[in-house]
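Shown next, in structure tokens, is the structure this report addresses.
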Amino acid sequence: MEKVDVLLGLQWGDEGKGKIVDVLTPHYDIVARFQGGPNAGHTLEFNGEKYVLRSIPSGIFQGEKTNVIGNGVVLDPLLFKEEAEALARSGHDLTKRLVISRKAHLIMPTHRLLDAANEMAKGSGKIGTTGKGIGPTYTDKVSRNGLRVGDLEHGFEEAYSVAKERHLRILNSLNYPTDKLADLEERWMEATKYLRKFEFVDSEFLINGALLSGKKVLAEGAQGSLLDIDFGSYPFVTSSNTICAGCCTGLGVAPRNVGDVYGIFKAYCTRVGAGPFPTELFDETGDKLCELGREFGSVTGRKRRCGWIDLVALRYTIMLNGVTKLIMMKSDVMDLFPTIKACVAYEIDGKETRNFPFHLTEGVTPVYKELPGWQQSMTNVVSEADFPKEFSDYIAFLEKELGVGIAIVSVGPDREQTIIRQA
């Protein structure tokens, strides 16, 4: 019996998972999303074209692979339709290569309104959601009031009506306007018809059956481990488990059937929206990282906050996920820096710690180690033998600090700009 390999981000998202899953998929038969929704996007460059995938697994560009939207995902039929139709116009017909779990929850039009209403009600305490209705959908799921993909097959109208009325009562209590709901709802209902073109499956049986028959499965996470609802920088987190454990609950896979865990991180660190960020830079260096790394959200377009790499946070997420292989992205962004800093510890209340704290507050001061930069372009490097000495030293330093080997290094956005190390 085969095991599921897992690919996930180790920081606050935007690590480059889309590109790497596209690199890895030739080795797998099935690519499956296990959590999250359209609030996070994977940017891929394929045959010179740039694509942003929000709900659809990144294996969609690889021939006859089966792509699965798992039960842990929350799905907006309207945004899914827009995404799928855009891919179809580019020559990528999904209907024969994408299946959807019946147990995946649906993001309703009123969930979007609830998202906005809840943020407005928080005033200065808002956490900066993307407004896609993710949180309210997971709230309904946990409170056992959710609408699932499988409900589209029978009893949908009544279940939808009951959920909608409940949402409207909440919106009215918050004095939030619903004048735009009718138009959104009409388009959403039309999109559910489009959704029915795809095969609905009991994905837990599909995945486990595939493993039993010797097929290889890659589970693809969204966002990053530091946004995990339990272990992230709460309350500035997402509404699902983004760590490896989320693969088990989001696909129906037993823990003993998890194989390699690929942990992706950038050679620096970024964050979108509100929330603590100990190594954030507010100077020209931060602006330079943003410019060179093109750090703007693939879904929201928001400028990402940038800072030096945080090894305290990385050690924490490596531990949580049981990472077996590391993948370093955007090494080329660091090409021009004469000195590179890495946070190796935090100072809190005058005491130094290497552990990730309960609260990431303003009282956390990063303790840095400085390393010499390589100050030459990495974008045309094709093998580890061509690495500058300073870059090889940087990798060796990271591996010693993190306790896991770096198996893959990315030196540019294209698939070809990926170096598989012989370590």
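Counting starts with 1 at the first residue shown.
Cβ atoms here come from the backbone N, Cα and C positions, even for glycine.
A coil conformation is recorded for Val411 (GTP binding site) in the three-state DSSP classification, outside any helix or strand. The GTP binding site feature in Swiss-Prot is assigned to Gly13, Asp14, Glu15, Gly16, Lys17, Gly18, Lys19, Gly41, His42, Thr43, Arg304, Ser410, Val411, Gly412.
Around the Cβ of Asp14 (active site, proton acceptor), 27 further Cβ atoms fall within 10 Å across all displayed protein chains. For Asp14, the entry in Swiss-Prot reads active site, proton acceptor, with the evidence type sequence analysis.
Under the heading Mg(2+) binding site, Swiss-Prot lists Asp14, Gly41.
Taken from Swiss-Prot, the feature IMP binding site applies to Asp14, Glu15, Gly16, Lys17, Asn39, Ala40, Gly41, His42, Thr130, Arg144, Gln223, Thr238, Arg302, supported by sequence analysis. Counting only same-chain residues six or more apart in sequence, the Cβ atoms lying under 8 angstroms from the Cβ of Arg302 (IMP binding site) belong to Val272, Gly273, Phe296. In the three-state DSSP scheme, Arg302 (IMP binding site) falls into the coil class.
Annotated active site, proton donor per Swiss-Prot: His42, in sequence order, evidence recorded as sequence analysis.
Residues or ranges marked as substrate binding site by Swiss-Prot on the basis of sequence analysis: Ser298, Val299, Thr300, Gly301, Arg302, Lys303, Arg304. If you take the C-beta of Arg304 (GTP binding site) and look for same-chain residues 6 or more apart in sequence within under 8 angstroms, you find Asp14, Thr270, Arg271, Val272, Cys290, Glu295, Phe296, Gly297.
Put simply, Gly13 is the one of the binding-site residues Gly13, Glu15, Lys17, Lys303, Val411 whose Cα lies nearest to the Cα of Gln223 (IMP binding site). Every protein chain considered, the tally of other Cβ atoms within 10 Å of the Cβ of Gln223 (IMP binding site) stands at 26. Counting every protein chain shown, the number of other Cβ atoms lying within 10 Å of the Cβ of Asn39 (IMP binding site) is 27.
Closest to Val411 (GTP binding site) in space, going by CA atoms and restricting to the binding-site residues Gly16, Asn39, Thr130, Gly301, Lys303, is Gly16. Rounded to a whole value, the Cα-Cα separation of Glu15 (GTP binding site) and Lys303 (substrate binding site) is 15 Å.
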